[in-house]
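Trainee: Starting off with a structure, shown below.
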Amino acid sequence: MVPQTETKAGAGFKAGVKDYRLTYYTPDYMVKDTDILAAFRMTPQPGVPPEECGAAVAAESSTGTWTTVWTDGLTSLDRYKGRCYDIEPVAGEDNQYIAYVAYPIDLFEEGSVTNLFTSIVGNVFGFKALRALRLEDLRIPPAYAKTFQGPPHGIQVERDKINKYGRGLLGCTIKPKLGLSAKNYGRAVYECLRGGLDFTKDDENVNSQPFMRWRDRFTFVAEAIYKSQAETGEIKGHYLNVTAATSEEMMKRAECAKDLGVPIIMHDYLTAGLTANTSLAHYCRDTGLLLHIHRAMHAVIDRQRNHGIHFRVLAKALRLSGGDHLHSGTVVGKLEGEREVTLGFVDLMRDDYIEKDRSRGIYFTQDWCSLPGVMPVASGGIHVWHMPALVEIFGDDACLQFGGGTLGHPWGNAPGAAANRVALEACTQARNAGVDLARKGGDVIRAACKWSPELAAACEVWKEIKFEFETIDKL
């Protein structure tokens with residue numbers, strides 16, 4: 001008898017989903033300490049049960065395919081398959097569910113974030129049974145975390161290298177981000193560092209354009225660093241962006257920065273790729289360079305609430321791949337960032353052991369097994385009036401970057417840097433004395449203005465500047 005073949009467009013799709021549930025939905029499964037765990041926010045297509053979708057996610061991101069194949073009998077699928085072991089509805093949302101999937105550790109190459117992401121956030125995100133899918137969190141087990149080098153140096157080693165303790169670090173992105181000549185760029189770097197900043201920074205899209213080739217920029221910036229260090233007696237740095245069209249060119253630029261003796265370089269880890277970033281992090285560990293990481297392109301991936309990858313996952317990926325700094329949002333500036341959610345992934349970047357806390361978006365307890373921490377970078381639309389909130393939110397182990405908030409000072413770059421340095425030290429001193437910066441931060445800034453005309457001028461310029469938009473990224 002010849003079997004009947006269904007030719008309707010949806011028939012094969014339905015059959016495939018039903019097959020997944022039989023094998024990959026296992027609510028009785030006991031999670032192992034070595035499993036990599038994922039929390040997915042699923043929006044099923046109309047009429048598709050969440051159990052079928054959860055099973056499809058587990059299957060398509062591990063061993064499954066759309067039909068039964070004879071080679072299944074040549075291996076142990078029970079050993080290697082992903083398993084959807086729990087599904088819960090999302091409160092306040094229609095037809096959205098959190099699916100928890102456990103993956104055996106043997107599915108992934110040791111020390112490879114690229115391989116991890118290729119499986120977990122690969123083809124499954126285009127699966128027809130799902131209207132939308134978002135990876136909310138990952139649990140990296142100690143057995144897998146220990147296969148990674150992680151950040152080249154970490155927070156404490158960075159402080160030892162630059163000899164700065166007891167306060168947050170201050171930075172500034174040079175503006176305009178594009179169009180300056182190398183010499184004028186170096187001049188702006190020098191003025192900001194001399195004025196009191198710890199770091200200045202290339203913008204993420206500064207690479208090697210016709211108006212400013214990378215080697216010229218590196219040379220003038222190195223001169224600015226050495227001159228400002230000689231005049232202030234402090235160790236200074238500039239995040240030289242080594243991101244390039246090829247990995248070979250990237251490493252060439254990193255080596256030039258090392259030869260010039262600068263302390264830190266920069267990389268755009270999402271646009272350049274995780275493999276390139278891991279190679280660069282290993283190089284920085286070997287040569288003593290600090291590595292600043294920019295997250296350009298992240299909002300394309302993480303901003304929508306129901307589809308993509310949450311930034312806490314991208315932050316975990318960076319901690320595995322390697323970076324000493326990572327931009328993390330500000331809560332109070334011009335860029336997206338809700339307070340509790342931001343603090344949740346900031347803790348995942350800095351701390352060694354983080355407890356599960358759904359109120360902050362942390363779905364799993366994470367043990368980093370002494371992997372070095374990543375310093376969060378707050379940047380984007382911040383100025384001196386934001387300083388109390390930034391100190392209260394981020395504490396000391398953070399880099400606060402004021403681009404326009406430094407270079408937009410009416411008296412120039414160096415006074416802008418001085419205003420930020422005075423504001424930071426005033427807020428830090430007040431906090432250490434027991435002042436509640438959330439309630440009395442404005443009074444602290446106003447009091448400091450009496451002793452700093454640069455700060456007073458900055459406060460006058462930016463007293464009315466606010467970015468009061470409702471955040472999209474909510475729990």
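Each Cβ is built from the backbone N, Cα and C atoms, and glycine gets one as well.
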Trainee: Check Swiss-Prot: it lists Asn123, Thr173, Lys177, Arg295, His327 as binding substrate. Then name which of Ser62, Ser379, Ser452 it lists for that same site.
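Mentor: According to Swiss-Prot, the candidate sharing the substrate site with Asn123, Thr173, Lys177, Arg295, His327 is Ser379.
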Trainee: Measuring CA to CA, name the entry from the binding-site residues Lys201, Asp203, Glu204 that ends up nearest Asn123 (substrate binding site).
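Mentor: Given the candidates Lys201, Asp203, Glu204, the nearest one is Glu204.
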Trainee: CA-CA, which of the recorded positions Lys175, Lys177, His294, Arg295, Ser379 lies nearest Asp203 (Mg(2+) binding site)?
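Mentor: Spatially nearest to Asp203 (Mg(2+) binding site) by Cα position is Lys177.
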Trainee: Which ones, of the binding-site residues Thr173, Arg295, His327, Ser379, have a Cα no more than 10 Å from the Cα of Lys201 (Mg(2+) binding site)?
Mentor: Thr173
Trainee: Within 10 Å of each Cβ, count the other Cβ atoms, then let me know which of the binding-site residues Asn123, Thr173, Ser379 comes out lowest.
Mentor: Asn123
Trainee: Which residues, sitting 6 or more apart from Glu204 (Mg(2+) binding site) on the same chain, put a CB under 8 Å from its CB?
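Mentor: Sequence-distant Cβ neighbours: Asn241, Thr243, Asp268, Thr271, His294, Ala296.
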